Amino acid sequence: MSILKAENLYKTYGDKTLFDHISFHIEENERIGLIGPNGTGKSTLLKVIAGLESIEEGEITKSGSVQVEFLHQDPELPAGQTVLEHIYSGESAVMKTLREYEKALYELGKDPENEQRQKHLLAAQAKMDANNAWDANTLAKTVLSKLGVNDVTKPVNELSGGQKKRVAIAKNLIQPADLLILDEPTNHLDNETIEWLEGYLSQYPGAVMLVTHDRYFLNRVTNRIYELERGSLYTYKGNYEVFLEKRAEREAQAEQKETKRQNLLRRELAWLRRGAKARSTKQKARIDRVETLKEQTGPQSSGSLDFAIGSHRLGKQVIEAENVMIAYDGRMLVDRFNELVIPGERIGIIGPNGIGKTTLLNALAGRHTPDGGDITIGQTVRIGYYTQDHSEMNGELKVIDYIKETAEVVKTADGDMITAEQMLERFLFPRSMQQTYIRKLSGGEKRRLYLLQVLMQEPNVLFLDEPTNDLDTETLSVLEDYIDQFPGVVITVSHDRYFLDRVVDRLIVFEGNGVISRFQGSYSDYMEESKAKKAAPKPAAEEKTAEAEPKKKRKKLSYKDQLEWDGIEDKIAQLEEKHEQLEADIAAAGSDFGKIQELMAEQAKTAEELEAAMDRWTELSLMIEELES
């Protein structure tokens, strides 16, 4: 049964058409994911459905007394309310009852012997029974706990941005609604909370419509995808994975149709140019048909960004941290941290919110001076730093002028030189948009522009602080492809599980109280291992033995030896690949003996390096065997 119908919605923003007479309906208990490039109007469509924005043409009808709850991307909570007062705000009978009960409980707590206040509490409890509000009360406390909101008496104006988002989510989940609309619900949430929210939404009693950049979340929560692109809305039954398959089919069909149109147009033009004899009416029909074919537009790709920008050469010394200590407000964030970053690494930094991940990232990039220890950055290192905050972007600059401040020309990975205008076009900023003022861009478009500006600096070490926030899934896919080809080092803080699985090969894990551990592998591998460790029971006999016997300090490799061991197999594979490539280059050199001599010298050097690496692998493996025996 449909709970909401939208017919022929039309809306523009400036000279851009956001919705070109789109129609759709939302069924009970549907889970809809709305996707599309930044700036296409996804958040606007959510607000239109929620009744928060108007449309120029079309109509939205709701069946009966359908209730809609809306989560803003950056919620602004009313000052003067506590967390609990905000959670229970609303005009439903249940919310009014909960407010009365909490007030009676609070007043009695101040004067427990007051008979009048005791009567008020008894009356409030009776009302809770009558309105079946106890379940809502339990749900509210559970949701707040799961979202990490513990102090319900705190004024909302004292909360951080992330805490406000959590409180807003809690309010939306608790309020009775037939349709729950969520705009980027996973922003500011840690991965454990996101996984809980996935499970909660799968059991939610109403329909859900959401915009999110988190592709795992999108895939696990939704059963229908709406794709908003260039004013049109395409619908797909299934989750994000099914959508990717079906969109590829749709684009292939559109390309076939365009090929047929082009062939027919060429045939008709050839006929007319030959001046073939025909009755004038028939000739006129051909001319009309040619004009019609010319006016038809071919399919436009869903968009492809080209991130193939060059980078500066990176030497062997990248970044080394020795006994780094960082404290904040009397709390230890980083305690005696040691790290050796080697060329080509892909490192993810993970941990709960507010634990110090961004602070460590800033320290490794030379932006924050640690309280103790040393951080050494190699002389050839050229840092590109993508931060969460792009508020320093001058809104009065035009798009093209902002990019030209970094570079007017940039070299691609292939060695070609392209202009700032061409680079912007590759980033889905057409010429017509390049004269737009930055203040007029959507949040996602600003992030994409900022990303381009960072990459145009041609870095060889890329620091990414929550890069997936506010970027559309399309841009994220291409950023991941860029990282695949990027020859330098990538160090990222991210809560995006898909992104971490896709780009990093080892993790720096914040455990709390300044303790930092490491994990070699993907984020999903790390989570599986963590869950297995928590689930594994500890044998009582072993625990008693461990208590009775004096603890023996376990021997292990030195820190630098362990780092070398972690990366040596990759190093051997790279040298083997290089040796094979040189062999092929020698064969292809033909009779160019000067070139052959040069290649053979390089091959001999590579063979020596490979042999030395193999010897070192043997040496380290023997050391490990001895330590484990």
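First residue shown is number 1, and so on along the chain.
Glycine is no exception: its Cβ is also placed from the backbone N, Cα and C atoms.
Per Swiss-Prot, the feature ATP binding site maps to 36-43, 351-358; the stated evidence is sequence analysis. All protein chains included, K357 (ATP binding site) registers 25 other Cβ atoms within 10 Å of its own Cβ.
The coiled coil annotation in Swiss-Prot covers 560-629, and the record cites sequence analysis as its basis.
Look at Swiss-Prot and you will find 285-294 (among others) tagged as compositional bias 'Basic and acidic residues'.
Sequence annotations record features per position, and here Swiss-Prot assigns compositional bias 'Polar residues' to 295-304.
Annotation source Swiss-Prot lists compositional bias 'Basic and acidic residues' at 540-550 (among others).
Residues or ranges marked as domain 'ABC transporter 1' by Swiss-Prot: 4-255.
The domain 'ABC transporter 2' annotation in Swiss-Prot covers 319-537 and rests on sequence analysis. Mean predicted confidence for the domain 'ABC transporter 2' (319-537): the pLDDT average there is 90.
According to Swiss-Prot, the feature region 'Disordered' maps to 284-304 (among others).
The region 'Disordered' annotation in Swiss-Prot covers 530-555 (among others).
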Neighbouring C-beta atoms (10 Å sphere around the C-beta of K42 (ATP binding site)): 24
Ranked by how many other Cβ atoms lie within 10 Å of their Cβ, the binding-site residues G36, G351 are led by G36
What's the number of neighbouring CB atoms sitting within 10 A of the CB on N38 (ATP binding site)? 22
Which has the fewest other CB atoms in a 10 Å radius around its CB: T40, N353, the listed binding-site residues? N353
